[in-house]
Amino acid sequence: GALQVAAVCLLFLLEGVFLKQICSKQDVLDYLNLTRNNEKFKTCRPAMDWTKPTIVYFDVYLYGILSMIEKSQIFIPLIWMSVRWKNEWISWDPKKFCGITDVILPKEMLWMPDLYVVEAMDDDLKIVSTCAMDVHKFPFDTQTCHITVSSVNHSDKEIKLVAASNSTKATQRARESILTQGEWEFLNISISSQNETYEGQTFDGLMYTIAVRRMPLMHLINFQLPILFFLILDLASFFMPDGAEKLSFKGVFLKQICSKQDVLDYLNLTRNNEKFKTCRPAMDWTKPTIVYFDVYLYGILSMTEKSQTFTPLIWMSVRWKNEWISWDPKKFCGITDVILPKERLWMPDLFVLEAMDDDHKIVSTCAMDVHKFPFDTQTCRITVSSVNHSDKEIKLITVRRMPLMHLINFQLPILFFLILDLASFFMPDGAEKLSFKVTLLLAISMLLLILNDTLPSTSHRCPLIGGYLV
């Protein structure tokens, strides 16, 4: 009898120790064999049936509008991105692990969807997006900027992108949580599907369109009020006596205002098999590896005549045959492709000869012929070559300047000043001809310089205020 009691007590003790050991999230990881060296969880898409896509729920949380740079047409928002999907290889019974229902892991231990922002110009830590701006109604303009998210390698047969929130919910959430807007007022967010087809495959995408409206108070004070004051000043000068220093009076006043504006602008007072990684993948080393290269031009960000630089927004496509990687799809349920991180494979050591910047942004030298400015056409080269191989492929990009902006800002003022100069010969001898010409020249020159520094260099539609000043 005593032996049975001792056996029962021993069983209870063992059960207590056992329960204490499994009541740990590490036991869940040990059960799943989730370690940093387990390539299974990191390399392949976590689907039991590879023919069925993984549904990825994506959401954007807008917390602020950091910057809208008109001249380079760039939009910088402060956002958080939420990405959720089901990993079919990770599951356990909570009843066997003291009710544990979740574990937290470093992202490097798991497969993740290879999502990217189509309009992004910077690294992954900061979203710097291109944004085509229409400043025709500046400073009473409304701008819409896009953030499009898509997969790099997985087609819609493998990843299905679904918006976790609709447009109404995303807009309401942004209005409640937005922290900073600067000179812009947030209006709304609209969400739409944006699918792209590349080499016969369709890639799912989500486009978030953010609408903002400029708050014009700063521009009214900096531009409109000075114009009004100069108009009053110019009219008042006609009531001064003939012997008074009209030109000196206007020039000193104009110089003082310009100096204060320069101070404001200066202070910016506004709102790890080594085989596959090391050697060229060729069975016969005497035969070259054929690399197919292509360039997709999405935009011309800048053409700087003074520094002779060309900054395009481009995507580069590089394809080649890896002779060390092959299999029979019939032996693998018809699987014809796999997707791997680029760090695990050999890649052609290509570089852009004319590049002046890092790998995230192509800033190319471009010898420009401005003899026919502003009716000139420029040809800029992006030459792609290997560091160790001599063959290269050259892509020629030809652009033509649209002269509207330069006609309004340069040609028309010259024409008007010519007419003004001719008209001054018909003024009476006693009139203040010099004062009249210099006053107009100084006022218009200052305002045009301010506008040229603020507005983007675009000839699609010129701002109404620029045409008004001319």
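Here the Cβ of each residue, glycine as well, is placed from N, Cα and C on the backbone.
Features of the protein shown, as given by TrEMBL:
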DOMAIN    42-125  domain 'Neurotransmitter-gated ion-channel ligand-binding'
DOMAIN    126-215  domain 'Neurotransmitter-gated ion-channel ligand-binding'
DOMAIN    277-362  domain 'Neurotransmitter-gated ion-channel ligand-binding'
DOMAIN    413-470  domain 'Neurotransmitter-gated ion-channel transmembrane'
SIGNAL    1-19  signal peptide
TRANSMEM  407-428  transmembrane segment
TRANSMEM  434-451  transmembrane segment
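According to DSSP, the secondary structure content of the domain 'Neurotransmitter-gated ion-channel ligand-binding' (126-215) in residues is 11 helix, 44 strand, 35 coil. For the domain 'Neurotransmitter-gated ion-channel ligand-binding' (126-215), the predicted model reports an average pLDDT of 86.
Residue counts for the domain 'Neurotransmitter-gated ion-channel ligand-binding' (42-125) under DSSP (helix as H, G, I; strand as E, B; rest coil) come to 9 helix, 31 strand, 44 coil.
The domain 'Neurotransmitter-gated ion-channel ligand-binding' (277-362): residue composition by secondary structure is 9 helix, 30 strand, 47 coil, according to DSSP.
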